[in-house]
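Per TrEMBL, the features are:
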BINDING   110, 126, 147, 230, 231, 232, 233, 304, 319  ATP binding site
BINDING   147, 319  Mn(2+) binding site
DOMAIN    194-403  domain 'FAM20 C-terminal'
ACT_SITE  299  active site
């Protein structure tokens with residue numbers, strides 16, 4: 001296994017700083033029992049300082065469902081550990097747990113559903129809108145592109161292979177539209193959008209600002225539909241997140257350019273403004289830029305952080321559905337932060353160099369990681385080959401900076 005060898009490499013075993021109590025998202029007593037009854041937001045609530053030891057001799061923590069252990073494990077430095085024993089179980093839960101509720105997620109431009117499991121775990125479901133082989137039409141603007149379910153799955157694994165670990169776990173899943181959405185939804189607006197197509201397939205389209213109409217309906221075969229299931233982060237009432245506008249955000253206008261596209265010295269401005277004027281925030285943003293360039297994602301207008309950790313923490317790489325839309329061409333403007341600032345973390349650069357070598361070739365390790373997903377093959381082969389080409393371009397950009 002190239003993937004196992006990669007994760008055993010010394011570059012993937014650099015220790016993180018010691019995690020103190022203030023570095024944890026949640027400070028919990030492992031002896032404290034949590035009950036999983038609904039607390040208004042379908043989250044967990046403490047049920048008194050219950051018995052310190054359960055009859056089996058295990059602590060209360062051992063009884064937590066996997067999604068709760070994932071939430072409890074989040075700290076200032078990482079969303080989940082490198083060698084996380086929970087990960088396979090969490091991915092399996094996302095793919096197989098019974099769905100007891102499906103409602104449309106409010107906000108956003110395209111249709112997404114929040115699905116709830118019997119243990120109160122929740123996942124964000126993005127349905128399949130196009131086949132693996134379809135490329136984004138060349139006349140499409142990035143902001144009117146489809147969101148792709150397979151891009152969400154591939155982005156999670158790519159983020160882990162780059163050792164960022166800033167995307168919540170995502171698994172593919174085949175959902176029964178009738179039994180797992182239509183028949184159990186309490187969302188009246190969503191319920192009104194179901195119909196049977198002339199071909200006899202069950203379809204729905206929901207309500208949103210793009211692609212929510214009968215012309216863009218999502219149809220099963222006859223009621224089976226692929227989608228991505230992403231583990232939800234802790235409820236914002238329990239762990240506030242702050243949303244940051246990216247300094248290299250695009251104009252989202254058909255003819256207007258953003259300032260960074262016109263000013264080659266734009267990075268000097270960014271370095272003078274908080275939070276980029278201290279700490280590693282700018283380097284973290286450049287990490288995100290590299291991830292986005294590798295998957296061709298032009299739609300990174302904001303990112304989030306956990307408010308508790310202030311400026312000294314990782315960025316959350318959420319919402320990656322507009323990645324992997326095209327393999328036949330690359331978008332060099334995504335790399336603008338790296339090219340304009342000529343800065344990159346040494347650890348990131350060394351890992352990128354490693355992933356360009358034969359024993360750990362990026363396309364090979366990602367192909368292996370994706371092979372375990374229920375919807376494999378997740379990416380068409382040309383997308384995997386494009387990753388190696390784009391990795392070469394990232395390394396060339398760093399080489400150009402070093403030469404300068």
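All residue numbers here begin at 1 and follow the chain in the order shown.
Using the three backbone atoms N, Cα and C, a Cβ is placed for every residue, glycine included.
Feature map: TrEMBL annotations on the structure.
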{"residue": "110", "record": "ATP binding site", "contacts (Cβ under 8 Å, 6+ apart)": "146, 147, 208, 210, 211, 212, 321"}
{"residue": "231", "record": "ATP binding site", "contacts (Cβ under 8 Å, 6+ apart)": "67, 70, 90, 94, 121, 123, 168, 169, 170"}
{"residue": "233", "record": "ATP binding site", "contacts (Cβ under 8 Å, 6+ apart)": "71, 168, 239, 241, 316"}
{"residue": "319", "record": "ATP binding site", "contacts (Cβ under 8 Å, 6+ apart)": "299"}
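When Cβ neighbours within 10 Å are tallied across all protein chains shown, the highest count among the recorded positions 147, 299 belongs to 147. Residues 110, 126, 147, 230, 231, 232, 233, 304, 319 are listed as the ATP binders, and the farthest two of them sit 20 Å apart at their Cα atoms.
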